[in-house]
Structure formats: structure tokens, C-alpha cells
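According to TrEMBL, the protein carries these features:
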ACT_SITE  A:C2  active site, for GATase activity
BINDING   A:D97  L-glutamine binding site
BINDING   A:V289  ATP binding site
DOMAIN    A:2-210  domain 'Glutamine amidotransferase type-2'
SITE      A:E365  site 'Important for beta-aspartyl-AMP intermediate formation'
Amino acid sequence: MCGFGGYFGSIRDGRAILESMTAAIAHRGPDEQGIFTAPEAGLGHVRLSIVGLGDGQQPMSDASGELTIAFNGEIFNYVELRDELRAKGRRFRTSSDTEVILHLYDEMGEDCVTLLNGDFAFAIWDARRRRIMLARDRMGVRPLFYTAQGGTFYFASEVKALLEVPGISAEIDPIALDQIFTLWAPIAPRTPFRNILELEPAHLMVVDQRGVTTRPYWQLQYPDGDQPPSYVDERSAAEELRALLTDATRIRMRADVPVGAYLSGGLDSSIVSALAAGMTPQGLRTFSVTFDSAEHDESVFQLEMAAALGTQHSAIACRTGDIAKVFPDVIRFTERPIIRTAPAPLFQLSGLVREAGLKVVLTGEGADEVFAGYDIFKEARVRRFCGRQPGSRIRPHLFRKLYPYLPGLNQQSPEYLAAFFGAGDEPLDDPLFSHRPRLKGTAATKLFFSGDLRAELKDYDAAAELIGRLPQDFRRWHPLHQAQYLESRFLLPGYILSSQGDRMAMAHGVEGRFPFLDHRLVEFAAKLPPEMKLKGLTEKHILREATKDLLPPAIGRRVKQPYRAPDSHSFSGPGEFDYVRGALSEDAVAECGLFNAKAVTKLYEKCRSRPASGFRDNAAFVGILSTQLWLQTFAGTRIRKAEAA
Amino acid sequence: MTQAIKEKVKTFIIENFLFGDTSYDLADTASLIENDIIDSTGVLELVAFIEEQFGIVMVDADIVPANLDSLARISAFIEAKAVPVTA
């Protein structure tokens, strides 16, 4: 796990630029730094040493010196791949997974990515063909951004490295902002930085003198809804699942340093911790966040699970005010506005892991996408159920079962519940049917957009763009699979694995590994009949069946409690932070020009006076504050210009 | 009476849910839910406002979109509750 930056093109001061780029992302690789330059290209790398501690320095060249790689991530099946390559007569000079990619590329060219099981982003300079190849893992665990400046192509693990290149500056992309305030994340390849893009998950790119070509090498696919199911016997499906998950965990334990685990107290991280504990004879270390507020805290379950597994458990408390304390740092690392504060406690948690001396943790991330764990899947099912009898007073009561933790919702009449969820009056063949209430509720935050921003956006419709990005087969899939695709293909890489995942962990030089996102498991789960995943309103049914011997009954039966953190409430009360007042002051908001300054002032006052704000107000508050911080952090020149004028 | 109630409710909605955005064309019959003006927490804020400002006690059966989902409906509901019709 590491970070890298580089360029393709002839520039004079390549080494100095690479020094600056790598320095900007030194947090990703505190152990080593390396630079490689050739007449037409350069690579810089910062290393977090995990595999091949003594001989895995990067950028790494092959024996011929013609292929050079900078690599961020892990290839978990590198042992098997190396054995196969050795059998073909290839000789290895190091014990690292990095060298395996070089050999594979030498054998297969860019198609080598199809054999890799891992979380990776890498760049290979191929001096023979005078080209750079870039690739990113299937699910989007590891990041890779790029842009062009002055005829030279630049790329890096984080945008802040690109901003070190002379001539590249940060300016907000209004379309991306609209997407964040509708979909929670920009639609890749777009990023919040105008003219700076990201390589999409499961894509590879070749850059040479002729230009840039990009193509997908893998796609998440589900069976046609009218196809006979691939699996009918639940027991055998559960056995296959268990075997795949065990192997996915086993190969993610590969490291030359100790591997720990996050333990939220929920089903997914408990399963991963249980499997990992069984593979760690010396004892597993587990890590959790606890909250002051009962509605967010899961410490009872964390401690029960840690005790059941006998792990050495550590927890960090996220107290009132802690989120506000770290929030500017959080935005510096997310590099994008966010509408929830949930990344902040994970920023604290990775700090705890690092203090404990660990660099690698397994987590349960991905299980909710792969095995249909999120409430949104159940919500869509209830909405369809209600839609079959519009006007029913009985059916909407089911919505209460979905959100027991939302008091505002649970006090509503059936009529209001049906109205809030659009149950009964929305077209069932809408490709975004499952997500419409969320998109609608989130888009309500755009009420705060300034007149100028609205004028710039004109009639832009983020949901319509999302529909345009769906694969041709999408409409033939079962509704649950459509909803799973939307979560897995967009929100997972765009928010969960990035803002909440890689960026929060790597802020403290910690690598997260996700057994549930092993592509073998993802492909297997996609083929499972919907009712094996969401059985009635029981989420992740087949996963529970496959792992029930691993967990205490109270954990195994737990209903999904979504990971949430206190939102606007975190930023008010005693110890209120000056930076919040400054960023949300009428002058500051007016100066940045993106939001209606007077409306923001009223919102701020409302959130301060009434801590129990609803979703819209909370999301707007966090979204606006994070956008203001983003502007201050990355586009400071724009603000300074405004001051000078 | 109706006009005065309506103005008071409209001011509350503009201040509390539209954050003072007077450019928003809030039609009397526009659905507050469909137009994303109010969410589930907002309904409870609206109920508290009606009870406090108009001295009305709202029972659960009153809290339905038929009574509260537009300016016109809210005004009519308040008027009906505040001035009981006698036989």
C-alpha cells in the first residue's frame, strides 16, 4: 500500500516535480520514497512497506530495465501467480507482489490485470512501446487521478499531488457539486476538481504519443430476471459462499507485518474478524469506534464479539466535538465535499490503528452491497409492496420496521409514510426506482445553491446522467439486482471506499483490506437468486446462514444498523469551533459564491438551536461546510484573488 | 381570518423550510412533500408550530397529508380546528 505520481511527456524538471508530488502524498507511504525518470516519462513513489519489506522498493524496473512500475495496493494472489510464472521459467529478483505485475505485463501486456486478485492502482512505463499503462482494481478500492497540462499527461494517487504541478490549480466543478448534493458522490470519471478526472474502477488506460485510450477490463453483471437461477439449493450456495469468503480472507492475511481488523459490532466485520482470528495463532488485534450518543454507539456488541473471539481489542471514543475537531483534516483527505460526517470517526480510528503500530486492517466493507444488506434494498421492496395497493393504511406500517432508529419517521401516520417514500405513485419501471426517495431527499439540499450556481447548472439533471451511465442489460435484471448495481458501481467507489475508506485509512498510513470485495465472491453473489440475499425483509440471509457457527447468536441475528455519526449537532454547543463560524459566515459564503449566504446563516442558526434536525438540514449543513472547507483548502488562490479585488 | 392564518403559516414555511428564500414561488396548493419542502422531521416541526401558534392540540389522526401537505390544506385545517363548527 502506497502512493504514486507520474507523468508522460517531455518536461525539463521532471525529478523536481516528482519530488513535490510524492511529498504531497507522503502520508500514504511513510516508509520509503523513490523517483524514476526517463526522457519521456517519470514515476514517483512513496511506500508503506507491507510485502517484501527489504526488496520491494519502487519504482521497480524489470531485469531489462525497459519496464518500470509504480504500484499502490496489494495483489493478494501474487503467491499463486508467481508460482505459475516461475513454472514458465521466469526468475524473480524480489519477494514482492510488485514484481509479479511486471512479469505478468511482460507476458500479457495490459490484459495482465484480468489475472490480478487485489486492490490496486498502478502505472507501468513501457520503454519498448514508449507508453504508460494505468490500471485500477475492479471495485475501486485504490484511487488514481489524472489530468493534462501543457501537453504533458500527469497522474497520481491523490489530487493534492497533481496540484503540485506548475500550472495545475483547483477549481470546483459545478456539475460534480450538483452530483454530490444529489447522489452523495460525483459520477466518475468526474471529480470535484474541474479538468481533473479519475480512472474508473475496473478500467485500464494506455497513454502514448497518439493519445489516451481507456477501456473496462471487467464488469459487474447480474443474470437476466427471467433466467432460471444458477443456484437453487440454499445449503450448497451457503457452503460455496463460506469457502470463497474464507479464501478471500486467507489471501488478505498475507503480509510481512501483523494484520488487524476493524470491529464495528455488526454482522460483517464480526464475520471477517472471526475468520481472521482463526488464522492468527498469535492473536488478532481488533479496533472500534465508540460514540457518546446511544443511537450511534455499538460498543456492547463490539465488546461481546471481541470477548467471544479473544482478540486484543482497542477502542477510540468519538465524543461530542471530536468530529468538528478533525473535520478540516477529513476534508483535506477526502478531497471532496461530503454530505455526511461518517468519514470523521474512521479518520480517528485509523489513527488509533497506527498508534498501536499496525499498518493493515481487514474490514467488513462491501458485504452490504454484495449480499443486499442496506435498508435501501428493503425500502424498495416495501415501496413496491405498497404500490400494489395504493391507499392501503396497513402496508405503510412496514416502513417503521425499516428505520427504527429514525424517531421523526416512526411517529408518522401511514399516510405520511407512504407519501415520504413515494409509495404507490412512482413508475415501477424507473431504473432508479430503488433510490428515488434518497435522491429526492438529498437533492432538496440544493435549495441552498446560489443564483449564480443555479444559472451555471441550468437544467442539469444528475439522476438523468446516472441513468445514461447504466449498462444495456440493466433493465433486464431483477429490481434487487438493479439496486445492488447502483450501490456497488457508484456509491461504493465514489464514497464508501474513497471518502470513508482509502482516504481515511491512508491519512494515517493504514491499509484497509476487504474480503467481501474479492471479485470471485462478488461474481458469485451476483448470480445468487435475490431471495437468498434479501429473504422477506431479512437482509444478507445467505451470509447469515453461511457463517452462523462463527458468531454469538446475538450478533448473528442482529438487524443491520447502518454506520452513522452525529451530523450538524457535532458542530455546535460548548467548544464550538471558530473555523465553523468563519466558513459559514455570511461574508465567507457570499465570497465563495456557491451558496445563498442568507439562507446558510438561517440554516446554521437552526442547526445550532435545534440539534434534532432532519436529514435534509443535516446533509445541507455538512455539505455546505465541507464545500467551504474544500474551497479554502484546495482553491485558496480563488479566495485570495477575491480578497485582493 | 383565512388570509391571516395563511400568511402566518407561509412565513413559517419560508423561514423554517426554505430558509428565507422568498424567490420560491410557493403556490397555495403545492404539495410540501412532492416539492421537497418538508421531510419527516419537518412534519413534526410543523405540528409543533401549529400547536404553539394557534393553540390547537393535534392528535395523531390529524397528522396526515390531507390536513398538512399544502398551504391551503394547513390553513383550512387550522381554521376548522380553531373555530369549531356548531350545529
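The backbone N, Cα and C atoms fix where each Cβ goes, glycine too.
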Recorded positions compared (A:C2, A:V289) - highest count of Cβ atoms within 10 Å: A:C2
A:V289 (ATP binding site) in three-state DSSP notation: strand
Nearest of the recorded positions (A:C2, A:V289, A:E365) to A:D97 (L-glutamine binding site), judged by Cα-Cα distance: A:C2
Number of other Cβ atoms within 10 Å of the Cβ of A:E365 (site 'Important for beta-aspartyl-AMP intermediate formation') across all protein chains: 27
Rounded to the nearest Å - Cα separation of the residue listed as 'active site, for GATase activity' and A:V289 (ATP binding site): 25
Cα-Cα distance linking A:V289 (ATP binding site) and A:E365 (site 'Important for beta-aspartyl-AMP intermediate formation'), given in Å to the nearest integer: 15
All-chain count of other Cβ atoms within 10 Å of the residue listed as 'L-glutamine binding site': 25
